[in-house]
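What follows is a single structure, and I will ask about it in a moment.
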Amino acid sequence: MPPRPALNPDPATRAWAPAPDPAPGLLAMRGKLLPLAGLYLVQGLPYGLQSGLLPVLLRARGLSLTRVGLAKALYAPWLFKLVWAPLVDTRGSPRAWLTLSTAALGLVCGLLASHPPAAAGQAGLPVTVAGLLLLLNLAAAVQDVALDTLAVRLLEPAELGPGNTVQVVAYKLGAVLAGGGLLAFVPTLSWPLLFLLLAATYWLAAALTWVAPALQQLPTPLPSEHPRHTLHLGQDLLAVPGTLWTVGFVLTYKLGEQGTSGLFPLLLLDCGISAPELGLWNGVGAVACSIAGSSLGGALLARRRQPLPLLKSALQFRLGGLACQTAVLFHLDSPGASLAPSTVLRGAALLSLCLQHFLGGLVTTTTFTLMMRCSQLAPSALQQATHYSLLATLELLGKLLMGTLAGALADSLGPRLCFSVFLALSAMPMLYLGLAPNTLA
């Protein structure tokens, strides 16, 4: 005998009626999340290329930690997303912006295929390659604004947890494919073939973006009657409830983590771990752990866990993990330390690398959910791209600032003192979290 359907009381008639079928809601959410996942995946490719592949290649060619860190200045276009965010809000459709920016990514990758990277003994990246990577980041940053517009308009409050999990996980999956995954194949995969494959991927994504049903049905907000001047726009953005606190948090919550995650793999390379093995652990293994942490955060948020209490617990665990990694570094920096295969120190170093990425993924997903919740408190004229782009730009600024300066800090202060500073910076967001406004609770 088949099971009886669940019943709900009708408050008007006091009668019992069949409960609504949740399947249509799940199918609708899946139709939103699938195109988001594909687009965030291809958007993560440039980040993985420049954060996972290029630093190891440059360090292996003898560049100092300071010069390797300064190469992250190529991320600069991401800091100017507020310049074109109002254009995405008011000019054209998100589908058009997404299609054009993704196709532009494919074009730049095609050009990069014909320009080889730095040869052995060269001081750094050739100017042409650096310029093309800058254009790659520009196109990816425009695509990011359009994707944020899509996510904020499409996702319901109950879908923020799964939506931000898809965003973070897909982006990191793209990063690991272009970073650690490719690093493992660098000896056999040529530079031209690598970028031709990336170009084909972007052009395929651009075609799918144009025909995606979710993007064709995206509602367009009514235009504002009085266009805001830049000064008034900035005042309006900061006047949204919870924005000032969120700005302070996203600027500081990743400072310590970003410094350690950028330096620790390079220090392991200096201690004798090969580039392909480092690519496997820091690329594939560590990012897999990061994806697992992001998925855990999304699952907890989907179960109606509030972001702020979850974030507090995640930050505490992250601080403990960073303390363990700092202890490992102190051992590595002592005379006679060895990372030979099958040694305890080698296992502890690689384990701490994966643990930090797992906890970082948990913290990132929860923070992005908090950012999106804050943006949904904004008036409709602001929330689609501009407000969220402000928060996302400042979040990137905090990470980029420390990622760029971490090498110089390590060269000037030494690894031990440098990692002690990172440990102190990781404790700051825990204290700041106690000042969170009730509007974000």
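Numbers here mean position along the shown chain, with the first residue as 1.
Backbone N, Cα and C atoms are what each Cβ position is placed from, and that goes for glycine too.
Automatic prediction, not curation, is the source of TrEMBL annotations.
Note that this is a predicted model, so its numbers are computed, not measured.
Feature table excerpt (TrEMBL):
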TRANSMEM  37-58  transmembrane segment
TRANSMEM  70-88  transmembrane segment
TRANSMEM  94-113  transmembrane segment
TRANSMEM  125-146  transmembrane segment
TRANSMEM  166-186  transmembrane segment
TRANSMEM  193-212  transmembrane segment
TRANSMEM  280-302  transmembrane segment
TRANSMEM  348-368  transmembrane segment
DOMAIN    349-441  domain 'Major facilitator superfamily (MFS) profile'
TRANSMEM  388-410  transmembrane segment
TRANSMEM  417-435  transmembrane segment
Would you kindly list the residues that approach the transmembrane segment (388-410) from elsewhere in its chain, counting only those six or more residues past its ends and only Cβ-Cβ distances under 8 Å?
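64-70, 72-73, 75, 78-82, 85, 144-145, 148, 152, 237, 243, 246-247, 250-256, 258-259, 262-263, 266-267, 367, 371-372, 374-375, 418, 421, 425.
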Taking the transmembrane segment (193-212) as the first stretch and the transmembrane segment (417-435) as the second, find out whether 3 or more Cβ pairs fall under 8 Å, excluding pairs closer than 6 in sequence.
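When sequence-distant Cβ pairs are counted, the transmembrane segment (417-435) does not touch the transmembrane segment (193-212), since fewer than 3 lie under 8 Å.
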What parts of the chain pack near the transmembrane segment (348-368), using Cβ distances under 8 Å and only residues at least 6 beyond its ends?
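Non-local partners: 164-165, 167-168, 172, 249-250, 253-254, 257, 260-261, 264-265, 268, 281-282, 285-287, 289-298, 301, 307, 310-311, 314-315, 317-318, 321-322, 324-325, 328, 331-332, 339, 395.
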Grab the same-chain neighbours of the transmembrane segment (37-58) for me: Cβ-Cβ under 8 Å, and only residues 6 or more beyond its ends, written as numbers and ranges.
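Residues 67-68, 71-72, 74-75, 98, 102, 105, 117-118, 124-125, 133, 136-137, 140, 143-144, 147, 166-167, 169-183, 186, 198, 201-202, 205, 208-209, 262, 265-266, 269, 275, 278-279, 282-283 contact the transmembrane segment (37-58) from elsewhere in the chain.
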When you scan the chain for residues with a C-beta under 8 Å from the transmembrane segment (94-113), skipping those not six or more beyond its ends, what do you find?
39, 42, 46, 88, 129, 132-133, 135-136, 139-140, 142-143, 145-147, 149-150, 153, 191-196, 198-203, 205-206, 209-210, 212, 215-216, 218
Can you tell me how the residues of the domain 'Major facilitator superfamily (MFS) profile' (349-441) break down into helix, strand and coil by DSSP?
83 helix, 0 strand, 10 coil
So what's the mean pLDDT when you look at the domain 'Major facilitator superfamily (MFS) profile' (349-441)?
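Across the residues of the domain 'Major facilitator superfamily (MFS) profile' (349-441) the model's pLDDT averages 85 on the 0 to 100 scale.
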